[in-house]
Amino acid sequence: MTRLIRSKKQFLIRSLHSVFYYLGSLLHSTFEMNVFIGLLLATVVASQSSEGRDESYTYKQLCIVDDKPQVLDGFDCRNQVAVARWQNAVNTTGWTFLEVETKENYCPQLQAYSAGYLEGLLSKTVLTYHLKNAQEDYCKNFTGYCSRLSDFLTENQKWIQSSLETVAPDDLYWGAVNRTYHQVSGLIDAYEGREFKPRITYELHPILYLNLNGDFYDLEKKLNKTRDPAFEQTGGKCSGLIKVAPGNADLFISQVTMSGFQNMLRVIKLYKFGYDRQFYPGYASSFSSYPGLLYSSDDFALQTSGLAVIETTISVFNTSLFENTKPVGQLPTWIRAIVSNQLARDAREWCKLYSLYNSGTYNNQWAVLDYKKFKPNQPLPKNGLFYVLEQMPGKIVYSDLTWFVEKYSYFPSYNIPFFKEITEISGFIGQAAKMGDWFKWGASPRAKIFERDHGNVHDLDSLTALMRYNDYKNDEFSKCKCNPPYSAEAGISARGDLNPANGTYEFPGQGHVNHGALDYKGTNVELMKKLQFVAQGGPTWGKVPSFKWSEFDFKDKVNHVGHPDEWKFNTLVHKWETEINA
C-alpha cells in the first residue's frame, strides 16, 4: 500500500510538472519559466514531504572524470575540484546551511566557478523562493526607475569587464574580483540549468540583483525611486556590538540585521577556497547570508585571517553626495566586501582595501576586529585590535579605535555615524535638528540601551540577551512622542510589526512597518578559532510575542514563500564538517 501511495504521488508530480512546463513555456523568458515551474512544482512537493526539516547534509561534488568536469553526488571522488554540503532546516531551526570547499591543485577560476555552480544546484529551490519573496516585485510600478537602474548597472558591468580584460594578470586585487565573478557566474549557470562551462557572465540576472540588494538602498535615492512608507526603514537597519568581557577574559562581536520580513529565508555559509594562503589569508570565511548571495550583506563575517567584520548601514540625508556615485571607475559594495575579506591580513589593511573604488552605495559603518591581537586575561594592545570605517559617496574615513574599546570596554553600532566628518557631510546634523535624538550618536534609544546594559555582558548567553533585547512597552528608552507613547522600533532588536497600524508617530520608520530584526549572530575567542558563531533565526521573542505570518496584517502584501508561519526558534552553534583552523 505504501509503495502504491508513493507511486501515485510520483505520477501526480510528473503529470503536474508536464502541465506546469507547458504553462511556463508561454512565459517570455527562460528565467520566468524556471521560476514559474520551480515554484509550482516545489509547492506540490512540499505538500508531500518534510521540506525545511532536513536532519543532515545533501552532498554534491565537482570531479574530473576522463579529463572532463562532472557533477556527482557524494563527497569523496578521486579528482575532486569542489564539494558542497546543503541542509534546509528552516522549519526546525530558522536557517539553511551551506558549506563549500575547493581544492588547491586546480586553477582558482575553476575553483570559484565550481563553488558557485554547486551552490546553485543545491540551493535552487530555496533560491527560487527567495527570488519570489525579495526580487520578483522589485520593479512593479517602478518601470522608469528600473530602466534607469538597468542603464546604470549595464555601464558599470561594461567597465568591470573592460577592467578585468585589461588589468595585469598578477594584479592581486583584480584577481580576487575575477574569482568573485567566476563564482557568481557559476551560481547563475547552475540555477538556469546551463552546462558546466567556467566563464564570466555579465548579464543583469536577478541573482546579480540579489547581491546588489544593499547597493540598491542608495541607488534608489540616486535614481529617484519613490519608497512606500509602509516599507520605510529610517528607524534602523542593524545593531552591532563589540564587547570586552570583565578582566579581558573574552572578546565578543555580534550583529543583528534588520530588514523587511520577506527576507527571512537565511543561509549560514562557509566558503573554504584552495587559494594561495600567502596572498589570500581570508581563504575561508563563515557568515550569515541569504540564498544566492556570495557575501553576508548583514554584514557578519569571520575570516581565517583572524578578522571578524560587521556593519550597520548609515542613511545619506544629503542627497547631493550622490553626484559622486558613478557607473564607471567604481565597484559595488558586495564585491569590495568579498575582496577585502579575502585579501586583508589585519584590520588596517581591510580598511585600505575596502576604500578602493568607493561606489558610494550601501553606505555603512564597518567594524573590523582582529582576534589575532587579543590575548585573554592580558592587557589589550595599544593599537591594531579594532578599526572602524564609515563610507559616504565620495568619502571614506577610518581610524584605529582600539583606544575606545580599551577605555569603555565596548563599541556600539546602530546606524548613526561616529566620525565627525561623516556626521557633517551625511546630513545627520540637520536630520537630528528636525527629528531629535533618534538621529544623534550617543543619544538615540539604542545608544542609551547599549550604554546602560553592556556591563551585563560577560558570556555568550548574556551577549545574546542584550542583542535580542526589546521591552518597548516598559523600557524608558523606547518612549517617544507617539500614541501609544512608545515604539517597538526602539529596541536593540526592532519589531516594527508590533506597533499599532492606527498609532501616530514622529516619522514612518518609527511606526507600523514591515521591518524588524531578522536574526542574531555572535562569537567569542573560542568559537572564532573554528569560524563558528551563535545564531538565532527570526524576529526576537520572549518579552514580546513571536512573529507569525498568519497574524501579520501585511501577509497578503509581502511574499513569504518557503517560510514557516511562526518564527520561534532557539539559538544554535552550527558545527562545520569542513576542517577549519583559523
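Glycine is treated like the rest: Cβ placed from N, Cα and C.
Database features (Swiss-Prot):
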SIGNAL    1-42  signal peptide
CARBOHYD  ASN91  N-linked glycosylation site
DISULFID  CYS139-CYS146  disulfide bond
CARBOHYD  ASN141  N-linked glycosylation site
CARBOHYD  ASN178  N-linked glycosylation site
CARBOHYD  ASN224  N-linked glycosylation site
CARBOHYD  ASN318  N-linked glycosylation site
DISULFID  CYS480-CYS482  disulfide bond
CARBOHYD  ASN502  N-linked glycosylation site
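Comparing ASN318 (N-linked glycosylation site) with ASN224 (N-linked glycosylation site), their Cα atoms are 14 Å apart once rounded. Looking at ASN318, ASN502, the glycosylation sites in this record, the fewest other C-beta atoms within 10 angstroms of the C-beta turn up around ASN502.
Checked against ASN178 (N-linked glycosylation site) by C-alpha proximity, the recorded positions CYS139, CYS480, ASN502 yield CYS139 as the nearest.
Per Cα geometry, ASN224 is the residue among the recorded positions ASN91, ASN224, CYS480, CYS482, ASN502 nearest to ASN141 (N-linked glycosylation site). In sequence order, TYR145, CYS146 constitute the residues six or more apart from CYS139 (disulfide bond) in its chain with CB-CB distances below 8 Å.
Across the glycosylation sites listed here (ASN91, ASN224), the residue whose Cβ sits among the most other Cβ atoms within 10 Å is ASN91.
Cβ crowding, taken as the number of other Cβ atoms within 10 Å, peaks at ASN178 among the glycosylation sites ASN141, ASN178. Taking the disulfide-bonded residues CYS146, CYS480, CYS482 in turn and counting surrounding C-beta atoms within 10 angstroms, the largest count is reached at CYS480. Counting only the Cα atoms, the space from ASN224 (N-linked glycosylation site) to ASN502 (N-linked glycosylation site) is about 29 angstrom. If you measure from the Cα atom of CYS482 (disulfide bond) to that of ASN91 (N-linked glycosylation site), you get 36 Å.
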